[in-house]
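Here is the structure we will look at, set down as structure tokens.
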DNA sequence: GGAACAATTG
DNA sequence: CAATTGTTCC
């Protein structure tokens, strides 16, 4: 049986990233690709492009902000959008779940939060708390779950450049790292870190920082996590920096996980 | 001695058209290429692209509107920008003249005019009257002159689709056709019409008309005219429709004139 | 429809 | 820097 491969990519507009996506998928066929920040309403989603590349695609989005999608070569058994708590109904484009037999794939685009004193940061913390509620009410830690996405949290000092300058940042503040850690403690292993303990392994390089990629000034905010039964079977997990250097790049790049399920 | 080849092309932003220009010039090297609607200020003009294609380039423009350029493989003896009347100084990016020994090349981007009752239409008519003044004061009809550009006039019924629906259009109104005809009567031959009397020969297809090119719903508003001594030596003059079908096209295409000078 | 502009966001 | 939503122009 071949390996199960999964990737996560914050596209920063899926319509602006079709060339990148096509080029990457040709070289890197995966079973499942999870996208964030598709920034497109469902009626405008470029589904036919994914069709032509041989992928089914499921998506939930609105114009200009957020939006998630899952593209996959096999048929999922079910797709679930948003939190079951259904609170304000605005998060159905930030969280989606696909089931492939007994394997659950959860794709999240966690709110960034703007600044510590901004209401959006409150909302970010709530997002993680509601996500933990979801785990506790709907799953067990011995279920087979892969949780991927842009979590907008750099968990450790080595996951950012100059951590001392970022203590007050919504993606690195001690409080949000603690909250993310609490969610992980429910039962997730950081699959990337299992294979790559090195520092300076980033998935996001700000467009505004010049030569950010060459200077490697970035953040590790995109993650692949898995429950132990799945994580135990991970073969590799790596960041493909290359697409960040291609024409018309996203500010994020692809993170890939390979599992011997 | 090889033929003298000249082309005119409304680029609708020269910076957005570099790929089209490169691709076309590789297949169609010309002695002189006249551009209109470059839509770029002089400090932003992509001169190095023309350099790399083996052309000298001269230009006068402002941001967002109008702008003309002449690219040529040989060195011109002189370049003149704007009307000598210098009125309001705003037309120096709508008219330029290059001299190659005893051959004058005049490149114009005639104002479109918006609508018959708009002040811009008055300005369009003035443009032609001032152009006639220029001819009368600076040239003789036995000079060797090639006048090219986007004239924003379709001279005859056969130069538009459904002429009966366009009688009130600023590019087809009887008044503007009469004015254009008066200017031509100073001493120009329509070189394209000398070789191609057929109807439905267009140089412009509106982006907003869907499948305009396939349905051939367009306008012949770009022209190559010449004084008799030059026109007598024209070998061919044709519209190259192909670039209108390429990726990221202008709404106009290239008109080419070949002369045995 | 596709260029440009300006303003806003991350 | 590169997306977005608007507007205007042809």
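Placement of Cβ uses the backbone N, Cα and C atoms for every residue, glycine included.
Now, the feature entries from TrEMBL:
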DOMAIN    A:8-252  domain 'Endonuclease/exonuclease/phosphatase'
BINDING   A:10, A:37, A:150, A:152, A:251, A:252  Mg(2+) binding site
ACT_SITE  A:109  active site
ACT_SITE  A:150  active site, proton donor/acceptor
SITE      A:152  site 'Transition state stabilizer'
SITE      A:222  site 'Important for catalytic activity'
ACT_SITE  A:252  active site, proton acceptor
SITE      A:252  site 'Interaction with DNA substrate'
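For residue A:251 (Mg(2+) binding site), other Cβ atoms within 10 Å of its Cβ number 19. Summed and averaged per residue, pLDDT over the domain 'Endonuclease/exonuclease/phosphatase' (A:8-252) gives 95. Of all Cβ atoms in the shown protein chains, 25 besides its own fall within 10 Å of the Cβ of residue A:37 (Mg(2+) binding site). For residue A:109 (active site), the same-chain residues 6+ apart in sequence whose C-beta sits under 8 angstroms from its C-beta are A:10, A:36, A:37, A:66, A:67, A:68, A:93, A:94, A:95, A:149, A:150. Here residue A:222 (site 'Important for catalytic activity') comes close to A:8, A:9, A:10, A:148, A:149, A:150, A:151, A:203, A:204, A:252, A:255: these same-chain residues lie at least six apart in sequence, with C-beta atoms under 8 angstroms from its C-beta. When Cβ atoms from all protein chains are considered, those within 10 Å of residue A:152 (Mg(2+) binding site) total 24, not counting its own.
Excluding A:10, A:37, A:150, A:152, A:251, A:252, which define the Mg(2+) site, the same chain contributes A:12, A:36, A:109, A:203, A:204, A:221, A:222, A:250 within 8 Å (Cβ to the Cβ centroid), listed in sequence order. Its own atom aside, the Cβ of residue A:150 (Mg(2+) binding site) has 29 Cβ atoms within 10 angstroms in the protein chains shown. In the three-state DSSP scheme, residue A:37 (Mg(2+) binding site) is classed as coil.
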